[in-house]
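See below for the structure under consideration.
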Amino acid sequence: MPTEPETDYDPELGRKFIFVTGGVMSGLGKGITAASTGRLLKNAGFDVTAVKIDPYLNVDAGTMNPFQHGEVYVLKDGGEVDLDLGNYERFLDIDMTFDHNVTTGKTYQHVIEKERSGDYLGRTVQIIPHITDDIKRRIREAAEGNDVCIIEVGGTVGDIEGMPYLEALRQFAHEEDEDDILFTHVTLVPYSKNGEQKTKPTQHSVKELRSIGLQPDILVGRCSDKLDIDTKEKIALFCDVPTEAVFSNPDVDDIYHVPLMVEEEGLDQYVMEELDIATEALPEDERENRWRDLVTQNTEGEVDIALVGKYDLEDAYMSVHEALKHAGLEKNVDVNVQWVNSEKMNDHHADRMREADAIVVPGGFGARGTEGKIEAIRYARENDIPFLGLCLGFQMAVVEYARNVLDLDDAHSAELDEDTPHPVIDILPEQYEIEDMGGTMRLGAHETEIDANTLAATLYGGESCTERHRHRYEVNPEYIDDLEAAGLKFSGYAENRMEILELAPEDHPYFIGTQFHPEFRSRPTRASPPFVGLLEAVLGDDPHTVTTEEVSH
């Protein structure tokens, strides 16, 4: 269940459910529409959570290729999930759990296990009712303790994979009070060559949805510009909804502006009225405005960051991008992320690194592109360029230091080179006997102890931090003494595991790496300390002396 320091949950309201479906094509932005709705409801004083339904047969997203699917987002309990849950955590400022991600693989696995154990007492196990009942159970359990639960159904209406979920939603609406259920459908409204907004794709999508037994209460048109009134009226007429239930969600440069745009259209007020909770909302002058203040502030400069990785898909590093953006919001600067392909570290990419104010090497798996990452780290270290290494970036910083400072030319990670004579990065002891790939790494939130009077202690404002992990390998203890004697300080650790490295301020203005993924806990209103410190170093402030009040998590 999502947890926060304080909750506004009012059991007298009962639970409200908002289901968000999509039509015409995938990738329309259902998740951002749903998250923006949740953000506005939270601003109005309601306790909000979310559920993402992914109709694939994978149990989780842990074994999916980031190049095809985008990043694997890690939750505090170790759940490896779709990147949309990252958007929900960032927009709603909550911590979610693996129970908030429903996949076909997880649902079928659970039902089959129950059948094998005899729980169904010899009955024929079918999609209806057994699979649909399990889907409904998962939604209700995830919603416990919240006023509103927003459920996003992945994929597009009409996809065969999604049919059991839409049937479960139809049953769900039949079982709950009418005032407790709201269906939002997000569709594409394209322009014709003559500049006319076309409604036919939306009409057909709603027709498909209605054929399943679902009637949308709200329609959100994804478009390059706002829907004009004629378009809204036409959609309302043919889709059988009031004109005031048709909303625009036009393209924007920054997704954090979407809540403000749909608020201007009155989406939040309409939702509250339909769910019969408008009278329970905070007065407008008492609602949370920090989000608006942050995303509409006038910036006072810009910073260029080189992100050195091997995946061409921007979504593969979404949380890193967002964490850099959050740090920019805190320091009141625009952050321009320059992509540097670590597989093609030629003169062109070297020039891009030289032009950058800082270098970030993110996480990843596999040998492809690692030599380019090592070269980028060497360049940052030798030229006093502020540097942040994350997970694999942390490990490659150890490899780079071993090679170029300790003169261990063949040093490497045992994950990437099984025959290396100097495995400065080696497999975690508990991983030796594990054969399965999915869900078997060191995952989720773990506490790291931090040495006093270090850069890490200054950034985190104390002698410990709790961040999320996703790795099988760690620094080889046999090399720690030699590395530290040569100037590489391991300032954060969990028992005998090294989890933060840094260089002393007299050796480098800002050089830090983390075995964990601080980007997964970064929020627009609470930026991640290592990312804030990176910008501090670029802007000329000494992150080694920044106070806790200036950089807080």
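Easy rule for this one: first residue shown is 1, then count along the chain.
Cβ atoms are placed via backbone N, Cα and C, with glycine included.
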Per Swiss-Prot, SER26, LYS198, THR199, LYS200, PRO201, THR202, GLN203 bind UTP; matching candidate in LYS52, LYS76, LYS232, LYS234:
LYS234
Which single residue out of ASP84, ASP304, ASP312 does Swiss-Prot record at the ATP site shared with GLY27, LEU28, GLY29, LYS30, GLY31, ILE32, VAL252?
ASP84
Site-mate of GLY364, LEU392, GLY393, PHE394, GLN395, GLU415 for L-glutamine in Swiss-Prot, selected among ARG290, ARG292, ARG470, ARG472:
ARG472
Ranked by the number of other Cβ atoms within 10 Å of their own Cβ, which of the binding-site residues THR199, GLN203, GLN395 ranks first?
GLN395
Here are the binding-site residues: ILE160, VAL252. Which has the lowest count of other Cβ atoms within 10 Å?
ILE160
Under 8 Å Cβ to Cβ from THR202 (UTP binding site), same chain, six or more residues apart: give me those in sequence order, or none if nothing qualifies.
GLY23, VAL24, THR187, LEU188, VAL189, LEU219, GLY221, ILE235, CYS239
Spatial neighbour of GLU519 (active site) that is closest, considering only the binding-site residues THR199, GLY364, GLU415 and their CA atoms:
GLY364
Based on Cα distances to LYS198 (UTP binding site), point out the closest of the binding-site residues LEU28, GLU152, ILE160.
LEU28
Suppose we draw a 10 Å sphere around the Cβ of PRO201 (UTP binding site). How many other Cβ atoms does it contain, all chains included?
16
Among GLY27, GLY29, GLY393 [binding-site residues], residue with fewest other Cβ within 10 Å:
GLY27
